[in-house]
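Q: Checked TrEMBL, it gives:
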- 28-47: transmembrane segment (TRANSMEM)
- 95-113: transmembrane segment (TRANSMEM)
- 125-143: transmembrane segment (TRANSMEM)
- 149-166: transmembrane segment (TRANSMEM)
- 215-232: transmembrane segment (TRANSMEM)
- 288-305: transmembrane segment (TRANSMEM)
- 312-333: transmembrane segment (TRANSMEM)
- 339-357: transmembrane segment (TRANSMEM)
- 369-391: transmembrane segment (TRANSMEM)
Amino acid sequence: MSDRLRVPARPLPVTRAFPGASAAPDAFIWPAAVCAAFVLAQLVLAVPGSGLGWDETVYTSQVAAHVPAAFFSAPRARGISLLAAPVAGLTSSTAALRVYLAVLSGAGLLVALRVWRPLLPARVLALAGGLFAGLWITLLYGSQVMPNLWSAYGALAAVGCLLRAARDRTDRAALAGLAAAVALVGLMRPPDAVWLVLPLAGAALSVHRWRRPALFAVLAAGLLAGCAEWVVEAYARYGGPAARLHRASVIEGGLGLHFAVDDQVRALDGRTLCRPCDVPWRHRANSAWWFALPLLAAGGAAAAWRGRRAAVWLPLVTAGFLAAPYLFSVGYAAPRFLLPAYALLAIPVAECLWWLVRDGAGRLRPTATAVVALALCGHLAIQGGVLAGAVGNNRQARGDYDAMAAGLRSNGVRPPCLLSGDSAVPLAFYAGCASRETAGADRSITVGGLRAAARHQPVAVLVAGGGPVPAFARHWRSAALPVPSGSAAYRAYFPR
């Protein structure tokens, strides 16, 4: 009879850290699809025909095998150069470097979103990833040798790792991820790392159940590891971090109290740098999303389920810390500066949009869904238009640099060679020369040193737009350089 005795089977408990965080192994397919689409969009829209911009030539030249390293100024950090090194050190092909970084940026977004998988539903993460990846700024900089997007990935991953580690003391992977994410930000943009750690440490201190010595130790370790190279270089070249920061402030035009909110808005027309930003605000539809962003983010924080409010509120607060220095202490604007804030704000905005289109039972509201979908399509269309303009400007600049480099070669300037003057940094990269300035923030050679260099290698001094010719070069031989776009008239001066 014993074989007829049956004990009812008890289902094994399912542990979920947060409501809505499904454990289905294929639930992450939608965020992964968004990241794949992000890479594809870059390869189709941004990569073909693009060239390295001014800052990119500085970062790339530090690790490139075919050109001398450009002067590396105080505000810069070497993280993005290290990221580009595996390709830049092997080939001079800009296309290869672009494709490598485009694929890597898609993988980086995937990793940053994957950190959040135990915290938020896959549908929220997919929408957040799409919102961030769909910005023209993100699409433009995904394949560029610039640090800001990687700082954004590090910030997004760091906030997610801290939330996981704070709520689950056994999640050692989250602790390791937190240290790595903060270190990544420090390696790319040391000031961003400081502004990132402040709200994270504050949150860990203010929430009683989050207070763990391990969290503070990991934050400090990540910050020190990421900024170590910058600090060592500060002592070696400037006399210490304080002196380097002072020099960086001078180069940036004096860091202090500056209201740059309006500058950022005007830069959204597709300007990669707005300095000085005294241009009119013409295409206002291009920045409509920027004004909706804080409202939608606040709505997402208010609408978040009680079980995951921290997962929405902490990104919102941290985004404010990361955006504040660029909105209120820098006297000019570059849209890329706010990429870390945009990455974090995508979380509460996605939460808000999902709340708008779903009823209390979790079903889609047809009318609300149609309105939100239509608004998102319009938003993406505008972003695509701005991206096309920005990419067009980049391609035009590449054509100009290629033509000017050819003009220099026709005048006997071939590697090894040395350029100085207007636009010498990017043009030297395209021509395969070194660049050295006799004045200004990038001063790295004297007039005597320039004359001495001319004795054993080709030297050219560049003057743009009919500007003043340096006194030491006024009697040198000169030649006009071709500029296909006609944006400026360059002349090169060669020692006799």
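In case you wondered, yes, glycine gets a Cβ from its N, Cα and C as well.
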Q: So are the transmembrane segment (95-113) and the transmembrane segment (149-166) touching or not, going by 3+ C-beta pairs under 8 A with a sequence gap of 6 or more?
A: yes
Q: Could you check whether the transmembrane segment (339-357) and the transmembrane segment (215-232) come into contact, where contact means at least 3 Cβ pairs under 8 Å with the two residues of each pair 6 or more apart in sequence?
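A: Answer no, regions not in contact.
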Q: Look over the recorded stretches 125-143, 149-166, 215-232 and say which has the most C-beta pairs under 8 A to the transmembrane segment (312-333).
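A: Most contacts with the transmembrane segment (312-333): 149-166.
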Q: Below 8 angstroms Cβ to Cβ, which residues of this chain, lying six or more residues outside the transmembrane segment (125-143), approach it?
A: 28, 30-31, 33-35, 37-39, 41-42, 45-47, 50, 98-99, 101-102, 105-106, 109, 113, 116-117, 149, 152, 270, 272, 335-336, 338-339, 342-343, 346-347, 349-350, 353-354, 379-380, 383-384, 386-387, 390-391
